[in-house]
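Residues or ranges marked as S-adenosyl-L-methionine binding site in Swiss-Prot: Gly78, Gly79, His80, Asp97, Tyr124, Asp148, Gln155.
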Amino acid sequence: MPSDRDHDAGIFAFFGAVPRSDRCRQTRGGGEVVDGSSVFGHVPVFAQRCVTLLAPALTRHHADGSNAILVDATLGVGGHAERFLTEFPGLRLIGLDRDPSALDIARTRLMRFADRVTLIHTRYDNLAVALNKFGYAAVESVDGVLFDLGVSSMQLDCAERGFSYAQDVPLDMRMDPWSPVSAADIVNNYDEAALADILRRYGEERFARRIAAHIVRRRAHTPFTSTAELVALLYQAIPAPARRIGGHPAKRTFQALRIAVNDELNSLSNVLPAALDALTVAGRLVVLAYQSLEDRIVKRVFADAVSSRTPAGLPIELPGHGPRFRLLTRGAEHADAAEIECNPRSAAVRLRALQRTQHGVEPQQPTRRGDS
């Protein structure tokens, strides 16, 4: 059960103990965290578009969002949550995040909405468990779900987290500091084949085998402890012509390790069906992805969700077997120049959204209807 200190104003419930922390609680200018999008220079990506897409679901009962529930499955420091709670003064919001430091900041930021907010410390693929734990059904209980994927600006800016290759810090990369495996654990202990597989699958690194071989040779006499040590090795392992194109030579390796440490792609694959199940009829799901591996998963799950459930080969649509969802976006939406100028992080975003149209739980492995 959550402790008393985790219930400021009797509202903020935490799924697991979340100690208050001063880690990385300053803005770039060194000041204390304050409410608003100035926190850590944090501006929520595509905030207005997310509001526009989710508003019809959140205002079905009342224009102010009363009786509606929104799950922000990647709460972070609360930028999107603050926007929705301000826009819809009757809305109830459930915020999930695995990062206790982010939750601590969001908790302060959203305190003025405390009577309408529940914050839960958990991975987002525990969505169904979290809903049940706090009194909500895992099926058809919420009006909207929002995912803003990837590493946050706060995590990148917090040097000690080890996400950035621009600083010499411990090789960590854990979104939840209590997670058992760090990037250093992977680099120092996984065998060469496993390392190469991680770099190839999660970083799409074409020099994966070469880098893995260099890592294994180096760690045999000196284990890796810092990001700078790994960056130096990558400069040695990647051929000079390749280093001069395609961005920083460490970019793909760091992405791959971060995804592996935090099990990001498996978590995403597992949570999307649960998020679809959680939506009420007319409920909406919005996902912001920042790299192609995430977006492919979202695209595939959405395509399955909007497909007919009539068995392949039948010449007609069986009654009651139509799709339970419809797409709200044509392909992935991208930020325009104005959005990118306001928020450079939005340059990489791919936004997809859909809406539930019928009752029913989605199968784990949906079967697509074939051509008649």
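Using the three backbone atoms N, Cα and C, a Cβ is placed for every residue, glycine included.
Note: Asp148 (S-adenosyl-L-methionine binding site) has non-local neighbours Pro44, Val45, Thr74, Gly76, His80, Leu288, i.e. same-chain residues 6+ apart with C-beta under 8 A of its own C-beta. Look at Asp97 (S-adenosyl-L-methionine binding site): DSSP puts it in a strand.
All protein chains included, Gly79 (S-adenosyl-L-methionine binding site) registers 24 other Cβ atoms within 10 Å of its own Cβ.
A sphere of 10 angstroms centred on the C-beta of Tyr124 (S-adenosyl-L-methionine binding site) encloses 26 other C-beta atoms. In the three-state DSSP scheme, Asp148 (S-adenosyl-L-methionine binding site) is classed as strand.
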